[in-house]
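Q: Sharing a structure here in structure tokens format.
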Amino acid sequence: MNIHEYQAKRLLHEYGAPIANGVAVYSVEQAEKWAKKLPGPLYVVKSQIHAGGRGKGKFKELDPDAKGGVRLAKSVEEVVANVKEMLGKTLVTKQTGPEGKQVNRLYIEDGADIERELYLSLLVDRNVGRVAFVVSTEGGMDIETVAEETPEKILTLPINSTQGVTSSDCARLCDALDLHDSAREDGEKLFPILYKAFCEKDMSLLEINPLIVMTNGHLRVLDAKVSFDNNALFRHPDILELRDTSEEDPKEIEASKHDLAYVALEGTIGCMVNGAGLAMATMDIIKLYGAEPANFLDVGGGASKEKVTAAFKIITADPNVKGILVNIFGGIMRCDVIAEGVVAAVREVGLKVPLVVRLEGTNVEQGKAIISDSGLNVIPADDLDDAAQKIVAAVKGA
């Protein structure tokens, strides 16, 4: 689960991280009221959407030469003028896709005199099974670009979970970021704070880009992106309250209601599979035969007929889907239950695209018989390779 920048900053500030004074606003009236209470004289007006690249983004409704989704203002009047121009508009960035995202809230904060921009993030390093810091002196840039062009400017530092962030870790991070004097002292305080927040709140990503050194020598969190492990949200009702469903794919929201693991992709072949590993393999073989999956969808090990029907509705809600592949290995999951769900779903949604079903495992013969006796136009497959070839051929022939 993602949250907005202003929410991430509030959370980090609760742990003691240095942030600027700021306020989230939903209207022009709020913007004028609260901007007057900020110290000024420099303000930053920032679009709040779940996507990066906001500063270089463009609003669909405005002139192509208009400013982007992050703007400087030198007076309250300029703040208000920018809010009027930005609020309710559709911001297109490199991460939103061409459809963009509507800006329903803005964050107004004090400006800062910047001396240097740095990059800092925490993530789970699966290679070593630890939370790791990733830092670079090249802040304000796309870290993937830095990794590709100048990897020597990036330090990845895994943290020993039994010791936490040690003084030695702090020294290495400060050296990598070239921090001195007050900035170094701030860094030695900040790194343990961020690690504590990451672990206690079950984050999957904490990214600060940039972390700035101001002209007064101190550090400040200028931008923050935080993602949480969805599987741990039951432990954090306070975090769950920060969820903004308007920023999420409606299909993914509907899937979560039925305990389905769903991720929308950009292809044309819808997939319904049980088990994450099998789902990944299914997507891989679809690509192998020259097509693209439209989604990742894992129905889990104990899906009911109702759950399967819900999965079909979610897949067919995507207008890009030109065919569907159901690939089930019945271990805990019974193939006859899947078959009943498939038949019920096809009848309920009035399926108009090709459907290939591959079943194997528990009660497979009963499952195949249910589909065969249904009289529906379902293409059976003997194995995964056969299923992938059939659905790709059916879609290309459609």
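Glycine is treated like the rest: Cβ placed from N, Cα and C.
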Q: Out of Lys37, Lys46, which one does Swiss-Prot list together with Gly53, Arg54, Gly55, Glu109, Ala112, Glu117 for ATP?
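A: Swiss-Prot lists Gly53, Arg54, Gly55, Glu109, Ala112, Glu117 binding ATP, and from Lys37, Lys46 it also lists Lys46.
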Q: Of the candidates Asn231, Asn274, Asn377, which one does Swiss-Prot list alongside Gly331, Ile332, Met333 as binding substrate?
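A: Checking Asn231, Asn274, Asn377 against Swiss-Prot: the substrate site match is Asn274.
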Q: Just to be sure I understand the packing, how many Cβ atoms besides its own are within 10 Å of the Cβ of Asp223 (Mg(2+) binding site)?
A: 21
Q: According to DSSP, collapsed to three classes, what secondary structure does Gly53 (ATP binding site) have?
A: coil
Q: Got a sec? Which of these binding-site residues, Ala112, Met333, has the most Cβ atoms within 10 Å?
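A: Buried the deepest by this measure is Met333.
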Q: Where does the mean pLDDT land for the domain 'ATP-grasp' (9-254)?
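A: Averaged over the domain 'ATP-grasp' (9-254), per-residue pLDDT gives 95.
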